């Protein structure tokens, strides 16, 4: 029998994944086939030839890249200088192409910059900050095999009566909890039973936890608090073809939005999107999942293309679980910085994730060995019409005049979904013809649950578990938070001269006898001078609007052109600031931040997130208190929600969503969608 090495097994697994995902995507699905062998825009992601060239250059720089002792953890375009990108026009020569690589070699973190034209490594920073790069699939697969090498672990499993054939140990978590965990990459894992179910997340093997040295692949510590009943597999199935339950619900007929003339948007050169009055660049990203760049909107009155946002993306996704017990205290995930939203993305499912007439974009990332890996159907673009109204008015006070004006609201959605372990997240960037950009994050998938001996709340008595409610027999849904920090480099009619304005709604009391009213609201505006002026904690009883304006671009009435942030889901972190997870997730100390533009400040939790200590976070940058008035500035908003689980979240959660908007404020001279055409029956298909 031929024995395969771990590396051969990994390559085989990746090859099978490639084959599966390629076959899973419909041949009729409009998609970008990656036939391009060269980039067309300064912000285009690395092409497959470029990824291969980077691997060749790195092998020459460090023989370890060829032997496998040096591992690539992330590779992406090192974007050109912002002003150079802004000045670039189609037909111009592209700026020099560079790649940024996060790698590990001999236990040290490397941040390398490679010049693709010269073939040189122009920078190699070793351990620039405390922490390690994003995990690789190779890391996760290797760690999942470590428990079986331990006699102590195997005895613990046997004592619990769990068959090894039904065992799976693939949910890693780390964090940072003191100096005893420093100096090496540490990971903590818990195992589950997949016997009689694919939903192993609902069958945790509670009370048994392992700490592993990732580089030596050795167990550092085993904690065995004694057996806890493993929840039964009954009721854990969620796949449509395997559900045997009777559903007492009237069938809803299939539906889709028909477009007889095809979609209204265009995708040029793979990544440049044009729709209605919008134009923007979109690309897959290993860490952020999806990046929107150079979003411009055309003024419907003048035809001028005006800049709105240079770059927007999900910077970090922080999920702290609220159980301080052994084995649980470190389950506080930084999904973007520790796992990556790009590699966690799975192919979007046509007709269910994205509607008919959607257009799909693939992603390409580098494997630990520097080999291009395909992420098919990673992003989809589609037009949405859900029966909403863009604007309307009917008039009844003019005799003999029949006025019933209404316009349908059609939007363009860019969507990416990722499955980061048990949780699934759907990210939407939705562009509206009135200039609004709405960003929505939806969550589904499986809860992170805890095993318990109790099957009914009556069994608990006064021993109710503080970590969460009972959601099924022997299953506790652990309370947790979701915080998604967005990096929003807003460039309102230019990049070098924006300001952040806090518009305060202040209650004014009237003296007796002046009016029959006793109070009213008055608006006062405050221009933030420095970064600390723009550290905002939301409060319902101290309301503000938050505007980004260009004081040098005035409307005909003298108002500065601007956009405002319309917050949606707001939740404050209740953790102490010196709690280790909160130190790393310090960007949740406020809901809104504004910083001076710095191309190195992109990741709210820091560049090297894994086992970081909170020394390179948005909080640290903002506390430098740089001037932000009439400067190139970046808006940061953290969308958040607390999640107290319930029975409806079992075995898989119905999708919950939260959003925020970026909305024009005196940006246009009047309603920009006044002149859009209504729909008429004659223009629609008869189905």
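Using the three backbone atoms N, Cα and C, a Cβ is placed for every residue, glycine included.
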Residue in 110, 281, 643 which Swiss-Prot records at the Cu cation site where 480, 482 also bind: 643
From recorded positions 154, 244, 633, the one whose Cα lies nearest residue 169 (disulfide bond): 154
Pairwise CA distance, residue 632 (Mn(2+) binding site) versus residue 497 (N-linked glycosylation site), rounded so that it is a whole Å: 6
Chain-mates of 489, 490, 491, 632, 633 with C-beta within 8 Å of site centroid, Mn(2+): 309, 310, 492, 495, 498, 548, 597, 634, 635
Whole-number Å value for how far residue 423 (active site, schiff-base intermediate with substrate) lies from residue 339 (substrate binding site) (Cα to Cα): 12
Fewest Cβ neighbours within 10 Å, where candidates are the recorded positions 335, 489, 491, 632: 632
Residues near residue 333 (substrate binding site) in space but at least six apart in sequence (CB under 8 A): 173, 317, 318, 319, 320, 339, 420, 421
Near-site residues: Cu cation, ref 480, 482, 643, CB cutoff 8 A to centroid: 319, 443, 479, 481, 641, 642
Least surrounded among the recorded positions, given as 339, 423, when other CB atoms within 10 Å are counted: 423
Structural state of residue 336 (substrate binding site), classified by DSSP into three states: helix
